[in-house]
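Data block below; observations after.
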Amino acid sequence: MQTVQDVPALRAAIRGWRTQGQTVGFVPTMGNLHAGHQSLIKLARARAERVVASVFVNPTQFGPNEDYDRYPRTLVQDQAALAEHDCDLLFAPDVATMYPFGPEHSVSVRVPQITDTLEGAHRPGHFDGMATVVCKLFNLVQPDLAVFGQKDFQQLKVVERMVRDLGLPVKVVAAPILRADDGLALSSRNQYLGAEERARAPLIHDTLQKMRELLAQGHPWQAVEQTAAARLERAGFVPDYVAIRRAEDLAEPAEGEREGLVALVAARLGGTRLIDNLRLD
Ligand SMILES: Nc1ncnc2c1ncn2[C@@H]1O[C@H](COP(=O)(O)OP(=O)(O)OP(=O)(O)O)[C@@H](O)[C@H]1O
Ligand SMILES: CC(C)(CO)[C@@H](O)C(=O)[O-]
Ligand code: BAL
């Protein structure tokens with residue numbers, strides 16, 4: 001597997017494949033790769049003839065009090081993991097390559113409405129930064145398809161909207177959430193958890209399952225949200241949101257609406273912010 005850090009080298013590698021008529025699948029990441037990322041690479045591998053991954057900790061999607069500085073950067077291990085999973089090319093740019101005029105003077109992509117709620121409401125500016133960097137990466141890599149994990153469910157919806165609205169020629173492929181045996185969704189941020197917190201963290205997935213059960217029993221969605229939030233709070237979590245929404249547009253369900261819903265949670269456990277979600281159909 002080749003690693004490239006600048007745009008001319010990236011373009012040269014991809015041009016070679018394109019002239020042979022090969023299709024390109026793309027997996028954008030922030031690195032510190034785990035089995036969840038590997039499953040995305042595997043999906044891209046199955047759907048395209050060539051696979052490109054990127055590792056870039058994007059400064060514009062972190063708020064001023066978030067973990068940009070301490071976000072784990074493990075490029076050497078990431079290279080080995082990607083090579084092992086048959087990735088063809090790693091694009092690992094620096095900030096100046098992605099933001100030639102500096103992050104604060106960059107063109108910005110804003111996806112309205114769907115970004116006002118949930119993660120967008122709790123992480124102001126996060127989705128502008130995310131959509132901007134994903135749009136830039138799509139322009140640089142020009143993939144036929146790009147794989148995103150459903151763990152970041154709202155992110156996936158924002159990217160789908162951006163692609164449709166801007167008419168970008170990329171097929172967005174959604175990958176299922178990979179979990180540890182005890183149900184905790186794999187995430188780079190899980191390593192911030194202390195041993196005792198790690199043991200408590202699966203309660204998020206357990207609570208999402210409980211929400212599905214309660215909704216199936218006919219409880220109103222608002223009551224299910226409240227019960228679930230209280231359950232997490234009793235166990236020492238500080239929820240940012242515990243929500244039942246339409247999967248399609250993340251709007252609140254109508255009275256009695258039961259089809260096509262998703263439950264989403266973001267909660268802090270000590271100094272770690274965890275997110276997860278579960279389809280309710
Ligand atoms: N457990 C998982 N299952 C499936 N996809 C995942 C999982 N974890 C991350 N992904 C996906 O991998 C891609 C890159 O995500 P990212 O590098 O932010 O990893 P992460 O582990 O989610 O990190 P973080 O803890 O910062 O959220 C995203 O599309 C994300 O949805
Ligand atoms: C899509 C992404 C790589 C953009 O920085 C990031 O938000 C992530 O890792 O999910
Ligand atoms: N996995 C989403 C990227 C972020 O939390 O910034």
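Note that Cβ sites are derived from N, Cα and C of the backbone, with glycine treated the same way.
The annotation ATP binding site is assigned in TrEMBL to 30-37, 149-152, Leu178, 186-189. Of all Cβ atoms in the shown protein chains, 18 besides its own fall within 10 Å of the Cβ of Met30 (ATP binding site). Met30 (ATP binding site) carries neither a helix nor a strand DSSP state and counts as coil.
Under the heading active site, proton donor, TrEMBL lists His37. Under DSSP, His37 (active site, proton donor) is assigned to a helix (H, G or I) in the three-state scheme. The Cβ of His37 (active site, proton donor) lies under 8 Å from the Cβ of Val27, Thr29, Ala53, Ala81, each of these being in the same chain and 6 or more residues away along the sequence.
With a 10 A radius on its CB, Gln61 (beta-alanine binding site) counts 21 other CB atoms from all the protein chains. If you look up TrEMBL, you'll see Gln61 marked as beta-alanine binding site.
Gln155 ((R)-pantoate binding site) carries a helical DSSP state (H, G or I). Per TrEMBL, the feature (R)-pantoate binding site maps to Gln61, Gln155.
Candidate recorded positions: Met30, Gly36, His37, Gln61, Leu178. Those with a Cβ under 6 Å from ligand 1, in sequence order, are Met30, Gly36, His37, Leu178.
Only Met30 of the recorded positions listed as Met30, Leu33, His37, Gln150, Leu178, Ser188 bring a Cβ under 6 Å of any atom of ligand 2; the order follows the sequence. For Leu178 (ATP binding site), the count of additional Cβ atoms within 10 Å of its Cβ stands at 18 [all protein chains shown].
Close contacts with ligand 3, defined as a Cβ under 6 Å from any of its atoms, occur at Gln61 among the recorded positions His37, Gln61, Leu178.
Listed in sequence order, Glu119, Phe127, Met130, Phe148 are the same-chain residues six or more apart from Gln155 ((R)-pantoate binding site) with CB atoms under 8 A from its CB.
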